[in-house]
């Protein structure tokens, strides 16, 4: 074989070898499986999200706790009675200033209180009533500590209006709002009110002084 032919054959074999090597490399690259990092990334992302969530929840918890503390403190402080309220918890009344047969209205804890200096005739009238006929049966003696002094809350037991004294069909009090009539003992006798006028806590500190509350 001539040297020219030999070189040509050698070059051809070299080219084929190069082509085969390139083909093998290409096949190897095409079969290469890239590692899957998704789970790792997802885990990191999930952990980051959880950490952020924990941070936000913790922050909101602290803010909520602080807000709740302020609310509770404000709520409790609203129950702290002021000096004015404490001063009105009890009211002293000088009875010598109230003539017999007359009413006086005082204010106690924001409510009207009726004080009636009853006459002997009024006391007798109150005691002559048959309590079996009353809607809210009460003896007059159970409503007073001293027969001549009747002390009641001036609030109609129907819807809370203030009755008028020395009025009505029974010589006691009349509520103009819905027509309830109370007798000289403050007992309901006619109209929609279900109960007698309420008796507040009171005491006589001496013969001339009444303490309401």
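Every residue, even glycine, has its Cβ placed from backbone N, Cα and C.
Residues 48-77 are the range that Swiss-Prot records as transmembrane segment, among 18-47, 48-77. Between the listed binding-site residues, namely 158, 178, the fewest other CB atoms within 10 angstroms of a CB are found at 178. Same-chain residues that are not part of 156, 158, 175, 178 yet have a Cβ within 8 Å of the Cβ center of the [2Fe-2S] cluster site turn out to be 157, 159, 160, 161, 163, 177, 179, 180, 191, 192, 193.
Note: residue 161 (disulfide bond) has non-local neighbours 155, 175, 176, 177, 178, i.e. same-chain residues 6+ apart with C-beta under 8 A of its own C-beta. DSSP assigns residue 175 ([2Fe-2S] cluster binding site) to a strand in the three-state reduction.
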